[in-house]
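Data block below; observations after.
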Amino acid sequence: MSYSFQIKTIEQYQEAYKRSVEDPEGFWSEVADTFEWRKKQPFSSRVLDWNFDEPKIKWFEGAKLNITENCLDRHLKTSGDTPAIIWEPNDPNEKVRTLTYKVLHRKVCEFAQVLRNNGVRKGDRVCIYMGMIPELVIAVLACARIGAIHSVIFGGFSAQSIADRLDDAGAEYIITCDGAYRGAKDIPLKSIIDDALVGNKVVKRVIVHTRTRTPVSMIKGRDVWWRDEVEDVIETMHDEVLAIPAEEMDAEDPLFILYTSGSTGKPKGVVHTCAGYMLWTTYTFVNVFQYQPRDVFFCTADIGWITGHSYIAYGPLLSGATCLMFEGVPTWPDAGRFWEIVDKHKVNILYTAPTAIRSLMSYGLDPLKDKDLSSLKVLGTVGEPINEEAWHWYDEHIGKKKCPIVDTWWQTETGGILISNLAGVTPARPSWATLPLPGVQPLLVDEKGVEITEFTDEVMSGNLCMRAPWPGILRTTYGDHERCRQTYFSTYKDLYFTGDGAWKDEQGNYKITGRVDDVLNVSGHRLGTAEVENAINMHASVIESAVVGYPHEVKGQGVYAYVVLDEKRHKDEDDLTRKDILATVSRIIGPIAKPDKIQFVSGLPKTRSGKIMRRILRKVAEGELSNLGDTTTLLDPAIVDEIRDGRL
Ligand code: ATP
Ligand code: MG
């Protein structure tokens with residue numbers, strides 16, 4: 001497959017960008033022409049119909065398609081035998097599975113028929129709660145094939161979090177596994193689903209795939225086995241199942257609901273629709289990573305998060321790419337696992353999160369011994385601002401200084417990457433996301449929503465907003481359009497507000513400084529938490545840190561730092577370390593940014609997608625210990641007690 005819209009030079013980037021702003025409808029229509037449609041859009045309707053007031057955003061409304069025909073069917077003729085998914089199991093000694101496009105297509109068709117047989121229809125909500133196995137992708141695509149709306153819930157969530165999401169989505173169907181392997185752990189998924197379903201009267205059917213052979217209880221009339229159902233389809237329908245047409249969908253029909261990670265509040269059920277999401281994930285995948293046919297692309301995210309949706313399931317398959325899917329965790333059986341996988345499968349593009357990089361850094365260079373890594377061409381990060389130290393480590397020890405690093409800024413709500421350098425095409429800059437993709441029109445505003453146009457000290461700094469919709473923007477929050485309006489479109493009139501703060505330099509590069517809520521105002525100086533953390537993390541004994549503000553009589557806000565130190569340090573030197581950290585921050589940012597309090601902790605409260613839940617840290621720092629809010633999305637709730645008890 002060749003990509004007519006792949007940008008190869010800076011000039012082409014500038015040209016594409018200009019055109020996308022001046023004539024978005026023409027620009028995206030050309031990209032749309034590279035896909036397969038059941039029906040093109042009627043001439044009478046507009047390619048883009050929008051206002052940010054309601055908000056209403058419609059791209060290609062009236063055009064008809066099925067996204068899975070673009071993910072699968074259209075590749076069969078030319079690349080049916082190309083691997084679509086290479087699956088690396090949790091246990092390195094278990095057999096690797098490779099699913100070609102032909103095999104994946106067949107399996108999706110079969111499972112789509114299973115869903116039909118079980119009563120699932122277009123528009124029904126299907127909750128998917130599985131580990132990272134190929135059947136998860138098959139389940140996702142089978143839903144899309146019949147027009148059911150999938151809502152994947154990360155396999156680490158508790159029964160209560162699942163129950164909340166099932167309820168919010170009004171899901172009647174669940175696809176799950178007996179259990180999931182993650183590192184040394186074996187998670188009993190089906191039994192967690194059973195707990196989540198206590199008192200639930202809406203769910204009609206639970207389809208259970210076998211992975212771990214964990215004993216499960218199957219409820220008569222409600223629960224069925226994946227394998228039995230598929231065998232039934234194969235026996236009764238043979239190859240006919242391949243001939244059943246996929247459901248015809250409108251460009252603006254919902255494709256999926258995905259709940260945000262919840263680092264700032266109650267998770268929101270973000271809704272994406274078929275055509276815009278299809279265009280956006282493909283366009284960004286091919287351009288940001290500069291994917292070339294036959295490259296092996298390894299995204300380490302879980303499909304339970306948007307990164308896994310857009311850059312494991314949809315973007316790569318829409319592009320006919322080969323995607324490596326990994327069941328386990330980076331540190332099991334040891335901290336060299338990612339690097340071993342890179343060598344074993346000759347991975348060309350690696351896409352991971354700063355939190356994973358920092359965690360692997362803390363093991364030193366031993367896990368990298370006897371690893372080759374020479375297959376790597378491009379590295380990527382997503383999820384948080386990447387601190388400079390981690391960036392340089394990634395560049396030096398993983399990329400061997402020859403792989404461009406793309407720092408990709410985006411959100412669940414944006415569907416795909418919005419701000420990033422394009423690997424090897426536009427320049428990278430440590431800890432800067434750099435330039436907006438074609439179609440993306442960022443601006444910075446002050447608290448009142450007035451656009452910032454003046455540079456101070458070579459940068460502008462403000463709240464990051466978007467002026468106009470790109471194809472992949474969210475359309476609503478499920479069942480509550482008003483919440484969507486309130487959260488994203490009401491803070492500043494006629495703008496989409498990202499919730500993040502950013503800097504912009506004179507060349508138009510952006511640097512994300514963290515969430516706007518996390519900007520500190522210390523004696524009238526605005527400091528991004530990411531900046532202060534970046535400086536703290538430079539200290540040799542520091543593994544990770546999180547900074548929040550708290551009310552301070554003199555300064556307005558004081559700086560409270562939670563710091564995770566290297567296990568190997570001398571514990572009796574903690575006071576000295578504290579002083580060294582202050583000196584480090586002072587040297588890197590200035591005395592103004594010196595933390596007023598430094599609490600050493602054994603870990604930080606993180607969401608299951610690896611993000612620091614700062615609102616909890618803020619409450620502890622403020623001394624508001626009684627009501628810490630929704631903590632159901634935390635990975636390790638016990639850490640909260642330690643932090644609370646150790647409060648300074
Ligand atoms: P919630 O919205 O429920 O609080 P969340 O914002 O953590 O959860 P996501 O949509 O997964 O959920 O994360 C998007 C956020 O992650 C961005 O708004 C930004 O703060 C941060 N982020 C993602 N990528 C980057 C990046 N490359 N650089 C800096 N920040 C990033
Ligand atoms: Mg968010």
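Counting starts with 1 at the first residue shown.
Yeah, the Cβs are placed from backbone N, Cα and C, and that goes for glycine too.
Feature annotations, reproduced from TrEMBL:
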{"type": "DOMAIN", "residues": "13-71", "note": "domain 'Acetyl-coenzyme A synthetase N-terminal'"}
{"type": "DOMAIN", "residues": "73-470", "note": "domain 'AMP-dependent synthetase/ligase'"}
{"type": "DOMAIN", "residues": "531-611", "note": "domain 'AMP-binding enzyme C-terminal'"}
Averaged pLDDT score, the domain 'AMP-binding enzyme C-terminal' (531-611):
90
For the domain 'Acetyl-coenzyme A synthetase N-terminal' (13-71), the number of residues DSSP places in helix, strand and coil:
24 helix, 11 strand, 24 coil
Structural state census, the domain 'AMP-binding enzyme C-terminal' (531-611) (DSSP three-state):
28 helix, 28 strand, 25 coil
